[in-house]
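As C-alpha cells, the structure follows; a few thoughts come after it.
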Amino acid sequence: MAQVIVVTSGKGGVGKTTTSAAFATGLAQRGKKTVVIDFDVGLRNLDLIMGVERRVVFDIVNVIQGEARLNQALIRDKRVDTLAILPASQTRDKDALTREGVSTIIEELSADFDYILCDSPAGIEKGALLALYFADQAIVVTNPEVSSVRDSDRILGVLQSKSKRAEEKKDKVKEHLLVTRYDPNRVERGEMLKLEDVREILAIPLLGVVPENESVLKASNTGTPVIMDTESVAGQAYKDAVGRFLGEDLPHRFLEPDKKPGLFRRLFGGRAA
Amino acid sequence: MSWLDYFRAARKEEAPPSASAAKERLQIVLAHERIGRTREDFLPRLQQELVAVVARYVAIDPGKVKLDLDRGGDMSTLAIEIELPAPSPGRQAAAS
Ligand SMILES: Nc1ncnc2c1ncn2[C@@H]1O[C@H](COP(=O)(O)OP(=O)(O)O)[C@@H](O)[C@H]1O
Ligand SMILES: [Mg+2]
C-alpha cells in the first residue's frame with residue numbers, strides 16, 4: 001500500500017508546488033516509486049515546475065470522467081525513472097474533481113507506487129479539502145510570516161477534523177512542518193520570525209528548513225526540480241528533508257546568517273567584486 | 001546614564017525588531033482561534049439578543065449600539081456600549 005502525502009499550507013505562494021516537485025523527485029531519486037498529483041485544477045503549474053508541460057496529453061479530470069485511462073494520463077519522468085506526474089486540468093472548473101473519482105485514482109496508484117504526493121491548491125475550500133482527504137501524512141509548508149503561520153494552524157485543524165483518517169477515527173494524519181523561504185539575515189535583524197518561534201507556535205515535528213534562495217526561481221525557469229541543483233542551498237535543504245522523511249537523523253543547515261564582512265572589507269570596498 | 005549607554009541608545013534608534021511583535025500577536029490570535037474553531041461567530045447573535053433585552057426596558061436606537069472585543073493573552077474584554085435616549089428634548093436643549 002502506498003503512503004499518501006499531502007503538501008499543504010492554506011496560504012498560497014508559500015512554496016507548495018516547489019516542495020511537491022522537489023520532494024517527489026527526491027523520493028524517486030532514493031529509489032521510491034513516486035507519483036505526484038497536481039490538485040490545483042484550473043491553475044495547473046506542477047507540470048511547468050517539473051518541466052513536463054509539453055508532454056501533457058490527458059489530465060486527472062479526463063481520468064475521472066472516463067475520457068482517458070490512468071496510464072495514459074501519467075507522465076513518466078525522463079530524468080528519474082521511478083517518478084511519475086499526474087497533471088491537473090487547466091480548462092475545467094474545480095467541481096470536476098469528485099471524492100469518488102479521486103478515491104478510485106488513489107486506489108489504483110496505490111498498487112504501483114510507494115508514495116503518492118498531492119500538491120494542494122491554496123485555501124481551505126473544495127480543492128484543498130480533496131487534496132488532503134486521503135492523506136496518511138501531511139507536509140505543512142510555512143513561511144516565517146504571520147499570515148502563513150496562522151493559515152498553517154488552520155489547515156492543521158482541518159487535517160484533524162476533515163481528513164478521511166479523522167472521519168474514520170483512525171490514527172491521525174502524521175504532520176511534518178517544512179519552513180520555507182527562511183532568511184537568516186532578516187531573522188538576525190529581528191525582521192522575520194525565528195525558526196524557534198514558528199516551531200513553538202505550530203508545535204509539530206520539524207522536517208526541514210528551506211532558505212530563501214535564488215536557485216528556486218532559476219530551477220523553475222528551466223523546469224528542473226530544485227533538488228536536482230545539488231550545488232544550491234535550497235536543493236541541499238530539500239535533499240536533507242527527504243533524508244529525514246526516510247528516517248535519517250540529519251542536522252538542520254543554513255540557519256545562520258552570512259558571515260559579516262570583516263572591518264578590512266568594509267573599509268576597503270567589499271563591493272568591488 | 002553612562003556615556004556607553006548613550007552609544008547604545010543611539011544604535012537602538014532604528015525601528016525596534018518587529019519579529020517579536022509577530023510572535024506575540026500570533027500566539028494570542030491562535031489561542032483564540034483554536035478554541036473557537038467550531039463555534040465561531042457567536043458575537044452577532046449575542047449583540048442581537050442583548051439589544052433585545054435592553055429594548056424591553058428602555059427605548060433604544062439599535063443603530064447606537066457599539067460592540068468592542070479585545071482578545072488579549074491573559075484576559076479578553078467584551079465592551080457593549082448602548083446609547084440611551086436623552087430624557088427629554090426640551091431639557092437637553094436647555095443644558096447646552
Ligand atoms: N525557498 C525559496 N526561495 C525563493 N523563492 C521561493 C522559494 N520557495 C518558493 N519560492 C518562490 O515562491 C513562489 C511561489 O512558490 P510555489 O511553490 O508556486 O507556491 P505555492 O504552490 O504554495 O503557491 C514562486 O515564485 C517560487 O519560485
Ligand atoms: Mg502551487
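Backbone N, Cα and C atoms are what each Cβ position is placed from, and that goes for glycine too.
Taken from TrEMBL, the feature domain 'CobQ/CobB/MinD/ParA nucleotide binding' covers A:5-226. As annotated by TrEMBL, ATP binding site applies to A:Lys11, A:Gly12, A:Gly13, A:Val14, A:Gly15, A:Lys16, A:Thr17, A:Thr18.
Structural mapping of features recorded in TrEMBL.
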residue	record	CB count, 10 Å
A:Lys11	ATP binding site	21
A:Gly12	ATP binding site	14
A:Gly13	ATP binding site	11
A:Val14	ATP binding site	25
A:Gly15	ATP binding site	23
A:Lys16	ATP binding site	31
A:Thr17	ATP binding site	27
A:Thr18	ATP binding site	27
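In this structure, A:Lys16, A:Thr18 are the binding-site residues from A:Lys11, A:Lys16, A:Thr18 whose C-beta falls under 6 Å of some atom of ligand 1. With a cut-off of 6 Å between Cβ and the nearest atom of ligand 2, the binding-site residues A:Lys11, A:Gly12, A:Gly13, A:Val14, A:Gly15 reduce to an empty set. In sequence order, A:Ser9, A:Thr19, A:Ala122, A:Val141, A:Thr180 are the residues of the same chain, not among A:Lys11, A:Gly12, A:Gly13, A:Val14, A:Gly15, A:Lys16, A:Thr17, A:Thr18, whose CB sits within 8 A of the CB centroid for the ATP site. On the 0 to 100 pLDDT scale, the model's mean across the domain 'CobQ/CobB/MinD/ParA nucleotide binding' (A:5-226) is 96.
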